[in-house]
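Visitor: Provided herewith is a single structure, encoded as structure tokens, for subsequent inquiry.
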Amino acid sequence: MTLSPEKQHVRPRDAADNDPVAVARGLAEKWRATAVERDRAGGSATAEREDLRASGLLSLLVPREYGGWGADWPTAIEVVREIAAADGSLGHLFGYHLTNAPMIELIGSQEQEEHLYTQIAQNNWWTGNASSENNSHVLDWKVSATPTEDGGYVLNGTKHFCSGAKGSDLLFVFGVVQDDSPQQGAIIAAAIPTSRAGVTPNDDWAAIGMRQTDSGSTDFHNVKVEPDEVLGAPNAFVLAFIQSERGSLFAPIAQLIFANVYLGIAHGALDAAREYTRTQARPWTPAGIQQATEDPYTIRSYGEFTIALQGADAAAREAAHLLQTVWDKGDALTPEDRGELMVKVSGVKALATNAALNISSGVFEVIGARGTHPRYGFDRFWRNVRTHSLHDPVSYKIADVGKHTLNGQYPIPGFTS
């Protein structure tokens, strides 16, 4: 196959013999020390992404027969959460990597699966995404894919919100066929080297949160897509949603990963606030107490935070196990299987979003005014959750659960449902 980016990153030979959750915790402990400073600086988390590359975790979901860890979905979800607890941006980036890579298996050929999974495992490839555009609505795609005589395409246009594209090795991109051929209007998906001539990830990401995710735009100028880089036939991804085929699992996978990024951030906020309350917070004089940890209202707040996380965590883990069950069905997947999973994930997304927003905001009530100083960076937790939780409206997730409970309806399969 033609997919052979120039950069080669040799994977640690014994990586798959380690506990991936323990590896993630070790990295998280290292990153936690610089998280505030890096959030303030923005830009790219280059060194931290190289840490992840060196750890071998980029092949976490790659089957062992291709040289990967062969981890299951519950384990992968735990790893995302551990990373996000230390740094929301890194949890975001790693989560998107885990969302991108399975597309090879979901809509690609057996040959593509073997080749690309092997390359990811052997060379520690980062994957990036280039799917969204900033047009009139979320599916108003204008990046053109012009067919070539050899069965490939030429891409032109600009994608936006391309999390992880910069610094990646393999880029997943969508284009719309815009010519007079029978394919006109069809959506094609492809996995191409990010180093391909004409691909330019831009340094134009600016938001209040997720500052080190490189989620800016990517330009495509006469970018050649080789025939064996095209994943599935034209409209294969769209048809997978319409027919509730295996490719439609992209949505519940992505949404469950997003939810666990939020839960990881919430855990990080709670841990940081607890340490501050124990060591630096001052008691409120009228309360008649000696230490801030004795304040009954503070105690109640920590109880409420913890209870909210207990419920959301339990639901998230249950959904991860259901995802694994559905994933293992392969092509025997039914619309009912897919629907039950999406309803479960929608509930988790709502629980995680609400818990993370409430906790990341509420911690200020238990740390006090001095805790708002920028050197502590407590604001980063809320900013990160608030920024990414706007990816798709959580109200529609709640409505999907309600429609199923009341009317027995499953969510209409789509990129976010």
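Glycine is no exception: its Cβ is also placed from the backbone N, Cα and C atoms.
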Visitor: Of the ranges 131-142, 215-226, 383-394, which one does Swiss-Prot flag as region 'First lid loop'?
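Guide: Residues 131-142 are the ones Swiss-Prot records as region 'First lid loop'.
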Visitor: Could you tell me which of the ranges 152-167, 280-295, 360-375 is annotated in Swiss-Prot as region 'Second lid loop'?
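Guide: Among 152-167, 280-295, 360-375, the range Swiss-Prot annotates as region 'Second lid loop' is 280-295.
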Visitor: Considering only the binding-site residues His92, Asn129, Trp205, which fall within 10 Å of Phe161 (FMN binding site) when distances are taken between Cα atoms?
Guide: Asn129, Trp205
Visitor: By DSSP, how many residues in the region 'First lid loop' (131-142) are helix, how many strand, and how many coil?
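Guide: Its residues fall into 0 helix, 0 strand, 12 coil.
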Visitor: Taking just the CA atoms, what is the gap between Asn129 (dibenzothiophene binding site) and His391 (FMN binding site) in Å?
Guide: 15
Visitor: Which residue among the binding-site residues Arg282, His391 has the fewest other Cβ atoms within 10 Å of its Cβ, if you could check?
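Guide: It is Arg282 that, of the binding-site residues Arg282, His391, has the fewest other Cβ atoms within 10 Å.
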Visitor: What's the CA to CA span in angstrom from Tyr96 (FMN binding site) over to Trp205 (dibenzothiophene binding site)?
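Guide: Cα-Cα, rounded: 16 Å.
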Visitor: When DSSP states are grouped into helix, strand and coil, how many residues of the region 'Second lid loop' (280-295) land in each?
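Guide: Helix/strand/coil tally for the region 'Second lid loop' (280-295): 6 helix, 0 strand, 10 coil.
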Visitor: Per residue, counting other C-beta atoms within 10 angstroms of the C-beta, which of the binding-site residues Tyr96, Phe161, Trp205 reaches the highest number?
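Guide: Comparing the binding-site residues Tyr96, Phe161, Trp205, the most crowded Cβ belongs to Tyr96.
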